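Features of the protein shown, as given by TrEMBL:
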- 23-287: domain 'NADH:quinone oxidoreductase/Mrp antiporter transmembrane' (DOMAIN)
- 59-80: transmembrane segment (TRANSMEM)
- 92-114: transmembrane segment (TRANSMEM)
- 150-170: transmembrane segment (TRANSMEM)
- 177-195: transmembrane segment (TRANSMEM)
- 201-222: transmembrane segment (TRANSMEM)
- 234-253: transmembrane segment (TRANSMEM)
- 273-293: transmembrane segment (TRANSMEM)
- 289-342: domain 'NADH dehydrogenase subunit 2 C-terminal' (DOMAIN)
- 323-345: transmembrane segment (TRANSMEM)
Amino acid sequence: MNPYALSVLMSSLAVGTIITLSSTHWFLAWMGLEVNTLAIIPLMTKMHHPRATESATKYFLTQATASALVLFSTAINAWVLGEWTISNLNPMSSTILTIALAMKLGIAPFHLWLPDVLQGLNLMTGLILSTWQKLAPMALLIMINHQLNSNLLVMMAILSAVIGGWGGLNQIQMRKIMAYSSIAHLGWMILILTFSPALTILNLMIYILLTSSMFMMMINLYSTNINKLATSWLKTPTLSASMMITLMALGGLPPTTGFLPKWLILQEMTKQHMGLISTIMAMSALLSLFFYLRLSYTISLTTPPNTSNSNLMWRTQLKPMMTLPPIIILSLLLMPITPLLLTMVT
């Protein structure tokens with residue numbers, strides 16, 4: 001892609017998110033979401049492959065439907081209350097808006113587009129879709145958290161955590177595994193949204209950190225499926241070991257950073273006397289943990305030490321990424337500074 005076109009598209013992505021984050025008017029927030037959607041579609045189709053075109057089409061149709069619902073709900077709200085400010089919502093508009101933003105994020109039961117779309121993209125665009133594109137819709141949900149229907153959010157959260165864990169069990173494509181991982185993590189975020197928005201923000205930050213780390217390692221190792229991942233130790237053993245530990249962090253194993261949000265969310269849900277829901281969420285986390293551990297064993301333990309028949313990229317061909325080492329360190333070692341992180345988001 002032309003560097004000038006790429007810079008314009010990346011700037012538009014940033015501007016769209018910033019417009020939504022800084023807006024107090026629903027129409028301006030909707031405009032930011034639209035700029036975001038329109039800026040990423042050319043990035044999706046830059047591979048010139050039928051699968052990429054299919055992904056871009058599915059993404060456009062889903063996001064256009066969600067944007068129409070956002071505009072519809074805010075128009076109803078303006079009709080009922082006589083104002084367009086984000087701070088006030090009537091119950092009907094709140095429900096429609098929750099559904100619309102769930103479609104934009106890929107929260108179950110509106111998740112079906114996410115694995116297929118992510119599978120058709122290259123890894124760098126998949127990284128943007130899995131991290132940056134979550135910021136604007138999630139920011140809107142956090143802004144209106146006190147006006148949302150908590151029962152609806154809890155139902156969607158449980159469904160997302162279970163489907164995110166169940167859907168990833170039989171996958172061999174890394175991008176689909178990361179899509180189901182995203183669905184499960186979003187379930188944890190919206191579960192705690194109405195009870196403690198600060199924990200939602202903390203969970204979002206840690207999710208973006210872990211997912212960025214994982215995608216950057218996949219880009220560096222050229223790993224798009226489990227078979228390629230199994231031979232990654234031939235290229236960079238150190239990076240393969242880091243990926244194994246990052247997968248455990250995504251699964252929420254202590255003492256990695258990924259354990260922190262799950263621990264705090266389960267603690268808060270127990271304080272809210274929601275023991276059954278906490279138990280279901282904890283059990284669903286075990287489903288996700290299973291396929292993360294399966295990938296970890298694929299990288300480290302179950303692959304015999306022999307060379308593959310396929311052509312391998314040698315170490316001199318790997319792209320150096322200056323941001324990767326600090327992101328990996330943060331993905332693994334943030335547990336000791338938990339009080340500082342909680343102070344930052346509250």
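Here the Cβ of each residue, glycine as well, is placed from N, Cα and C on the backbone.
TrEMBL labels come from automatic prediction, so no person has curated them.
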Remote residues contacting the transmembrane segment (201-222) - C-beta distance under 8 A, at least 6 residues beyond either end: 123-124, 126-127, 130-131, 134-135, 138, 142, 174, 178, 181-182, 185, 188-189, 192, 228-229, 232, 235-236, 239-240, 242-243, 246-247, 249-250, 257-258, 260-261, 264-265, 313, 318-319, 321, 323-324, 327-328, 330-331, 334, 341-342, 345
Candidate ranges 150-170, 234-253, 273-293 - greatest C-beta contact count to the transmembrane segment (323-345) (under 8 angstroms): 234-253
Which of 92-114, 150-170, 273-293 contacts the transmembrane segment (177-195) most, counting Cβ pairs under 8 Å: 150-170
Residues of the parent chain within Cβ reach of the transmembrane segment (59-80), under 8 Å, 6 or more residues beyond its termini: 26-27, 29-30, 33-34, 37, 40-41, 44, 88-90, 92-94, 96-97, 99-101, 103-104, 113, 117, 129
